[in-house]
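Student: Questions regarding the structure given below will be posed in turn.
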Amino acid sequence: MKERKVIIKTGLNLENSYTSLPEIFFTRQSPSRVPSPKLAVLNYSLITSLGLNAQVLQSADGVEILAGNKTPEEAIPISQAYAGHQFGHFTMLGDGRAILLGEHITPQGERFDIQLKGSGKTPYSRGGDGKAALGPMLREYIISEAMNALGIPTTRSLAVVTTGESIMRETELSGAILTRVAASHIRVGTFEYVSRWGTVEELRALANYTLQRHFKKGYDKENPYLFLLQEVIEKQAELIAKWQLVGFVHGVMNTDNMTISGETIDYGPCAFMDVYDPETVFSSIDIYGRYAYGNQPNIATWNLARFAETLLPLLHINPNEAIKIAENAVSDFTKLYKNNWLSGMRAKLGIFNEELEDEYLIEDLLSIMHKYGADYTNTFRALTFDNIEDTVLGGKVEFDKWYKLWQERLTRQEEAKLSSKQLMKSSNPSVIPRNHRVEEALEAAVKEGDYSVMEKLLDALSKPYDHSKEQDYYSKLPEPSTCPYQTYCGT
């Protein structure tokens with residue numbers, strides 16, 4: 001398809017460094033034309049931080065670019081190749097419905113991928129139509145922006161446009177395209193792909209590119225590829241800990257959904273936990289609970305082991321030594337994760353200093369919460385504002401005993417009680433994207449064309465630590481239901 005190159009002053013300052021890699025990593029591919037694109041939602045705060053022109057992006061020409069009907073002059077549209085272990089099984093994948101326009105360089109010199117998701121068939125579509133539905137694209141917009149506000153590394157959503165076409169899934173749905181912004185789209189699955197089907201030199205090219213883009217300090221190290229492995233492990237330890245601290249269940253932790261940059265990616269079957277339960281699963285296809293909330297750290301370790309395997313030819317000339325180096329690096333994940341998680345949990349309880357018994361104090365609280373079906377987010381909110389009596393834990397003897405131990409623990413630090421409260425307020429969100437509130441917003445937008453419900457939700461989610469009365473509506477639990485909430489891989 002001939003590219004429709006245009007000069008439109010959107011503020012996009014595109015480079016195409018990924019195309020400097022060997023051609024095994026991508027295929028030149030233009031977005032498919034759509035009949036009647038209309039702007040559904042535009043992320044003005046992200047536009048500002050990227051140095052883009054909001055007025056132009058929301059104009060007719062800007063919408064044509066966001067829909068893929070027109071291509072910025074500097075863009076070299078590509079779809080990226082990658083593989084992945086999906087539910088433990090290796091398979092060839094790739095961008096089946098996404099086109100990378102290029103890398104936007106911000107006025108501050110930062111580099112971000114600009115990708116159109118739902119932009120048509122690619123060589124990696126595997127029989128799919130390459131399209132996306134409006135509901136799942138809006139859902140990714142909501143959740144990714146909520147994650148960003150919570151301080152969790154994530155891809156961002158710049159815009160969603162409707163395409164004016166219908167797509168067939170179980171039923172007929174409105175088509176849409178999401179503009180995703182990411183530090184990069186390099187995945188563990190990208191390395192798995194070249195490890196399986198490429199040469200060692202192509203693997204080295206990808207590793208060098210990744211070092212240059214994300215870990216430049218690695219060039220000065222004795223073993224830069226070990227440094228790469230260690231940095232990815234550290235970033236994932238930090239990321240997974242942050243997920244656990246807010247009760248986020250990703251739902252599809254396949255290796256193609258683990259980024260090298262340490263950002264959360266792919267918001268298909270994800271959801272936030274209400275009642276605390278380590279076995280919480282939302283994805284309709286995760287029937288054995290592989291990606292359950294409590295198993296996410298273990299899956300991260302497994303994924304990182306797959307990443308380490310791809311780097312073996314680069315880690316050492318002796319295969320046995322390479323394996324030892326990789327195993328030692330991956331074995332560090334558990335400690336790194338636990339340190340990050342414990343640090344975050346201490347903050348949620350207003351604890352500044354470290355004591356060996358802290359882990360037992362934390363685990364005892366979680367055990368009590370699990371036993372009585374306490375809401376994860378609202379329990380910590382209640383502890384922050386001293387109104388635990390309003391929760392299911394109020395009046396429970398076990399909790400009262402724990403509470404006394406916690407209060408005693410707070411006396412064993414120099415910081416004043418007021419400082420502890422401030423720490424808790426900045427560590428315990430009052431509002432998360434509750435599943436029923438997200439569905440409420442999506443139903444209004446998709447079925448009725450009313451985006452006001454979504455806009456109000458996004459406003460509340462943008463200030464999770466403000467603890468204002470206006471947020472109370474979004475912190476309320478769903479009505480008791482006999483049907484557990486389920487998610488699907490729509491995004």
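Using N, Cα and C of the backbone, Cβ positions are placed for all residues, glycine too.
Okay, these came from Swiss-Prot:
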- GLY94, GLY96, ARG97, LYS117, ASP129, GLY130, ARG180, ARG187, ASP266: ATP binding site (BINDING)
- ASP256: active site, proton acceptor (ACT_SITE)
- ASN257, ASP266: Mg(2+) binding site (BINDING)
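For each feature listed, report its degree of burial, its nearest neighbours and the pertinent distances within the displayed model.
Tutor: For ARG180 (ATP binding site), the count of additional Cβ atoms within 10 Å of its Cβ stands at 27 [all protein chains shown].
Non-local contacts of ASP256 (active site, proton acceptor) by the CB criterion (under 8 A, 6+ apart in sequence, same chain) comprise TYR82, ALA83, GLY84, HIS85, GLN86, LEU93, ARG187, VAL188, GLY189.
According to its DSSP assignment, ASN257 (Mg(2+) binding site) is helical.
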Student: Would you list, in sequence order, the binding-site residues among GLY94, ARG97, ASP129, ARG180, ASP266 whose CA lies within 10 Å of the CA of ASN257 (Mg(2+) binding site)?
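Tutor: Cα filter at 10 Å returns ASP266.
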Student: Here are some binding-site residues: ASP129, ASP266. Which one has the most Cβ atoms within 10 Å of its Cβ?
Tutor: ASP266
Student: Counting only residues 6+ away in sequence within the same chain, which have a CB under 8 Å from the CB of ARG97 (ATP binding site)?
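Tutor: Same-chain residues close to ARG97 (ATP binding site) (Cβ under 8 Å, separated by 6 or more) are LYS117, GLY118, SER119, GLY120, LYS121, THR122, SER125, GLY128, ASP129, GLY130, LYS131, ALA132.
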